[in-house]
């Protein structure tokens with residue numbers, strides 16, 4: 001009954017001695033709320049992205065909009081598919097033996113959990129790398145990071161996440177019903193086989209690596225933006241980069257806070273299950289925290305924009321009665337201005353043209 005190589009009976013042995021009990025009405029209510037809020041948030045983000053793509057068709061913003069669109073579409077389908085399966089499981093009183101005889105639903109649920117868990121993390125790291133290249137190497141970004149290349153990166157990220165999700169199925173290793181009987185994932189109880197440990201460690205290591213890449217690239221981007229601001233103060237006193245810096249800080253904080261508990265828990269179980277003190281309630285709480293990242297993603301990436309920050313600034317200035325930041329600093333887009341200043345400082349040809357321009361005008 002507990003054999004992970006028996007697809008038809010995988011996970012059913014755990015249903016008899018479950019130590020994790022959830023209230024049916026409360027769980028169904030929270031699942032519906034989570035799914036609804038996630039779908040509405042990501043749908044709103046997609047609408048804002050489409051509107052922004054119609055307004056701004058610069059090459060520097062096209063790659064960001066494509067990656068952001070891939071992220072919110074992935075989050076949208078994640079809430080829609082995983083949420084629908086979770087609501088069905090709760091509504092069916094978690095009777096897996098009745099509706100999962102061939103283990104198809106559990107396999108689909110496990111594949112979706114892995115794919116929609118890793119894919120947003122991968123896309124977040126790719127977005128961080130793209131922003132880092134765009135700010136530090138704007139000329140390379142404008143010539144090499146075309147829409148075609150970005151679409152290829154999106155496709156490769158999705159295919160890689162699909163491969164990781166299908167790896168247990170390809171190895172005839174079925175996904176397991178977890179102790180709470182509400183979701184399916186890799187085997188997390190009595191992990192003894194090296195392959196079961198490998199899947200847990202692979203998932204957690206890839207997720208933590210994506211977070212580390214995002215953190216590193218966002219830190220480099222933030223430091224570069226601050227350096228450009230200080231260098232450009234004398235030349236362009238109205239430039240500021242509050243929008244990008246606040247977005248980068250929010251991205252790092254939300255991703256690390258939401259995903260770190262679940263990834264660390266899976267890594268701890270994979271390394272040493274026998275001494276693991278993680279209970280079913282702890283794992284379920286970490287999973288719900290990770291789900292919140294998909295709800296907050298559109299609000300961090302899309303809705304925390306210059307217009308929103310300007311309104312917050314007006315409210316703050318009205319409450320504090322102090323001129324903290326001059327509103328004229330917002331006249332130029334922070335992304336566009338940082339790219340322009342970085343390109344001018346980076347390109348020797350541009351500096352020569354700027355120095356020769358007064359002489360050419362007097363000669364005329």
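Quick reminder: no glycine exception, Cβ is built from N, Cα and C everywhere.
Any TrEMBL annotation is an automated prediction that lacks curation.
Database features, via TrEMBL:
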type: TRANSMEM; residues: 26-50; note: transmembrane segment
type: DOMAIN; residues: 41-301; note: domain 'G-protein coupled receptors family 1 profile'
type: TRANSMEM; residues: 62-90; note: transmembrane segment
type: TRANSMEM; residues: 102-129; note: transmembrane segment
type: TRANSMEM; residues: 150-170; note: transmembrane segment
type: TRANSMEM; residues: 198-226; note: transmembrane segment
type: TRANSMEM; residues: 246-271; note: transmembrane segment
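Sequence-remote contacts of a segment are chain residues at least 6 beyond its ends whose Cβ falls under 8 Å from one of its Cβ atoms, and for the transmembrane segment (26-50) they are 65, 68-69, 72-73, 75-76, 78-80, 83-84, 86-87, 90-91, 182, 288, 291, 294-295, 297-299, 301-303. In the predicted model, the domain 'G-protein coupled receptors family 1 profile' (41-301) has a mean pLDDT of 84.
Listed by sequence, the residues of this chain that lie at least six past the ends of the transmembrane segment (62-90) yet keep a Cβ under 8 A from its Cβ atoms are 24, 27-28, 31-32, 34-35, 38-39, 42-43, 45-46, 49, 52-53, 56, 96, 105, 108-109, 112-113, 116, 119-120, 123-124, 126-127, 130-131, 134, 141, 145-147, 149-151, 153-154, 157-158, 181-183, 294-295, 297-298, 301-302, 335. Among residues of the same chain six or more beyond the transmembrane segment (246-271), those with a C-beta under 8 A of the stretch's C-beta atoms are 121, 124, 128, 131, 186, 188, 191, 196-201, 203-205, 207-208, 211, 214-215, 218-219, 221-222, 278, 282-283, 285-287, 289-290, 292-293, 296-297, 300-301, 304, 309.
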